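Colleague: Could you have a look at this structure, given as structure tokens, before my questions?
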């Protein structure tokens with residue numbers, strides 16, 4: 001099924017965003033684990049896998065529309081050197097996704113591609129949850145202070 005070139009461009013642009021997020025979140029999770037924040041690392045790793053599922057769905061859609069998924073391009077990774085920097089960097093990606101997808105959904109509807117619009121809406125719903133999580137972590141860090149927040153994230157050895 002031949003897809004609209006503009007819709008395919010939007011799909012590939014979002015694919016680039018998802019591939020970038022996969023890498024950034026995965027590296028952040030490995031750094032968090034290395035710092036001893038095991039539970040936090042598990043959550044961040046799960047977010048990376050969520051982005052992988054988005055990339056898979058987008059890839060499937062591009063292929064169905066007779067397009068070619070571009071796996072050779074990434075946006076710049078923003079690797080935080082502290083938990084705060086990581087949360088802020090991950091939040092920036094999520095805000096960019098929202099800014100990209102909201103007009104993309106409208107364009108897909110105008111092009112009468114409700115399936116791609118629905119896919120983008122599902123991604124927006126997932127990203128809203130991730131934004132809420134990241135904003136909450138930053139708020140907790142502000143309320144508790146970095147030291148107390150970090151202490152709450154440290155894994156305790158089994159007794």
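Even glycines carry a Cβ here, placed using N, Cα and C.
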Colleague: Say Swiss-Prot lists 94, 127, 130 as binding Fe cation 2: which of 39, 42, 51 is in the same site, per that record?
Modeller: 51
Colleague: Swiss-Prot records 51, 54, 127 as Fe cation 1-binding residues. Which of 13, 18, 88 is assigned to the same site?
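Modeller: Among 13, 18, 88, only 18 appears alongside 51, 54, 127 as Fe cation 1-binding in Swiss-Prot.
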Colleague: Out of 54, 130, give me whichever of these binding-site residues has the highest number of other Cβ atoms within 10 Å.
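Modeller: Compared across 54, 130, the most Cβ atoms within 10 Å surround 54.
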Colleague: Using DSSP with the three-state reduction, classify residue 127 (Fe cation 1 binding site) as helix, strand or coil.
Modeller: helix
Colleague: Among 18, 51, 52, 54, these being the binding-site residues, pick the one whose CA is nearest to that of residue 130 (Fe cation 2 binding site).
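Modeller: That would be 51, nearest by Cα distance.
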Colleague: Quick one: pull the CA-CA distance for residue 18 (Fe cation 1 binding site) versus residue 94 (Fe cation 2 binding site), whole Å only.
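Modeller: Pair distance, Cα basis, whole Å: 10 Å.
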